[in-house]
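One structure below.
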Amino acid sequence: MANLGCWMLVLFVATWSDLGLCKKRPKPGGWNTGGSRYPGQGSPGGNRYPPQGGGGWGQPHGGGWGQPHGGGWGQPHGGGWGQPHGGGWGQGGGTHNQWHKPSKPKTSMKHMAGAAAAGAVVGGLGGYMLGSAMSRPLIHFGNDYEDRYYRENMYRYPNQVYYRPVDQYSNQNNFVHDCVNITIKQHTVTTTTKGENFTETDVKMMERVVEQMCITQYEKESQAYYQRGSSMVLFSSPPVILLISFLIFLIVG
């Protein structure tokens, strides 16, 4: 890890040093550097426009470019660009009109639902989170009757599980046991409230289904937890901290 960080540091130092030198090189020419941008004008540093009797370029009476009476570009009476009577750009008022500020976009319900779909903390359940929807697993119960019963009634069983963060458990078995209990309890209460009851066969099948889903949820959460821990270790190593500090110095400087 240290060797990798050192090589990354050397590579970024070389790249950003070259970019920093490029930024500091003076650019030739440019606006107001003394060079004439129009043919037939005076010496460098002189007036960029031909002398007129108080008017704009090619105008006899002080008007704007192509205007006879002091108007803005394309205006006869002092108006702003595209306005006939003294208005600002696109406005009929004075010169202090502000731009029209667009209204803030409204947050759609689709975005709000997507943000709360995965891992949302469920209120009133003591820190439990609701996992993403899963496909119900195909399970064989050992006899044709139960297999057929499961296929015909699987839609009545949960497709999401309740769980707590994996770092609150010492092993997978504890996580799965708690996950199964709270999920079946919540699903049973909700379904019973709607007037539907479960038989012993339903409870048996739900336990098997929810157990498989809780194992899948544990594997998913464990992998995410490990990746977060690895990222923290990487960014806390001295070479990476030095590299990030150097990049910030180059950007700010």
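Using the three backbone atoms N, Cα and C, a Cβ is placed for every residue, glycine included.
Annotation comment: Swiss-Prot describes 52-95 as compositional bias 'Gly residues'.
The compositional bias 'Basic residues' annotation in Swiss-Prot covers 98-108.
According to Swiss-Prot, the feature N-linked glycosylation site maps to ASN181 (among others), an assignment based on sequence analysis. In three-state terms derived from DSSP, ASN181 (N-linked glycosylation site) belongs to a helical segment.
The N-linked glycosylation site annotation in Swiss-Prot covers ASN197 (among others), and the record cites sequence analysis as its basis. Within 10 Å of the Cβ of ASN197 (N-linked glycosylation site) there are 8 other Cβ atoms, across all protein chains.
The GPI-anchor amidated serine feature in Swiss-Prot is assigned to SER230.
The feature region 'Disordered' is assigned by Swiss-Prot to 26-108.
The repeat '2' annotation in Swiss-Prot covers 60-67.
Under the heading repeat '3', Swiss-Prot lists 68-75.
Annotated repeat '5' per Swiss-Prot: 84-91, in sequence order.
Taken from Swiss-Prot, the feature signal peptide covers 1-22.
Listed in sequence order, the residues of the same chain lying 6 or more apart from ASN181 (N-linked glycosylation site) and placing their CB within less than 8 Å of its CB: none are present.
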